Amino acid sequence: MAASSSTTRALPVLASFLLLLVCTAQAQLSSNFYASSCPTLQTIVRSTMQLAVGRDQRMAASILRLFFHDCFVNGCDASVLLADTATFTGEQNAFPNQNSIRGMGVIDTIKANVEAACRGTVSCADILALAARDGVFLVSSYRNLIASVWHTPTCMHGQGQVLRSSMSQSFARKRQLVQLPRASCMQAGGPSWTVLLGRRDARTSSQSTANNNLPASSSSLAALTSSFAAQGLSQRDLVALSGAHTIGFARCTTFRNRIYNDANIDTSFANSTAQSCPRSGGDNNLSPLDLQTSTIFDNAYYRNLVAQRGLLHSDQELFSTNNGSAGPTNSIVQSYVVDPTMFFSDFVAAMVRMGNISPLTGTSGEIRLNCSRVN
């Protein structure tokens, strides 16, 4: 009992310490960090991400996941981007990352473009943070459809119109005004936010920490809550950030046990998903995390959870019942179903908090010239 009492007293102290770390990190980062040293940075990142997402709609989710897997392992320091060598073992082959994380090549391309404009100035950690934000913003069915043919559409204030320019040479001088419903403009891209900058890049990486810190797809709500709390993130942050699964895909090996063995799953959903994920074999077969709108950043993920159609066991843990009692995060899930703007707002706030986890600043770390290796 004494040990339990001591632990209880220690929790507020630990929470205060983690909050202090986050606040200190935020004070060291700045939205205008590169305003003078690399003023074109955000334009370069956005335009390169637009091309990448236009070619591969999965890339927005992949970059977002890459950022998450970076921040949860010793902070947002681009350590996840360091490739293994004969003398260096990084995080990319940790169990949660092996044959799973992708998008490093896109970050390399952005880095090369940034280096051409501002050599030795911008960290890979900051590029990854910006790319994750831009991927979320760019993802919508309308935006990706237009991006393959036109420049990025811009909704005109107060009107259901999109101004677009032809990218083809024969129509290079023509501009067309296309009428769209108001909802199309509102949904032409997910939420966006101001990314605080000034991170530096790690010179080290830890595969063991990646194995320990990154939540598994089989995690219980208690394990997820503990994992996020260790990073200074709340249970509400957990539910909001899990909404990133409204886009992207998962491998059969991560959800096979759920569709064949979990009881809290919609039968028709389990049966249809099993068609691409047999009981044995096909480990790398992909299925959308959100069957309804896998390329649109919206709140459909939460509607799926209420209908017991969460693809991963860890997803469905956010909305569950135990002996007839609602799970502790059910009310948050339901609030996001009813009010997608609340989800967007909470997701943005949680992304900013996650981006502030233990950044290297000042003279710590380095500014890598190549994101996959130390200087």
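Positions of Cβ are set from backbone N, Cα and C atoms, glycine also.
The record in TrEMBL pairs C38 in a disulfide bond with C118, which is drawn from C118, C124, C155. Distance noted between the C-alpha atoms of C71 (disulfide bond) and D77 (Ca(2+) 1 binding site) is 7 Å. Highest Cβ count within 10 Å among the recorded positions C38, V73, C371: V73.
All protein chains considered, the CB of S79 (Ca(2+) 1 binding site) has 27 other CB atoms within 10 Å. Take the mean position of the Cβ atoms of D70, V73, G75, D77, S79, E91, the recorded Ca(2+) 1 site; other residues of that chain with a Cβ within 8 Å of it are H69, C71, F72, N74, C76, A78, V80, A202, S205, S206, A210.
Of all the binding-site residues listed here (D77, E91, H245), H245 has the Cα closest to the Cα of C277 (disulfide bond). Other Cβ atoms within 10 Å of the Cβ of H69 (active site, proton acceptor) number 21 in total over all chains.
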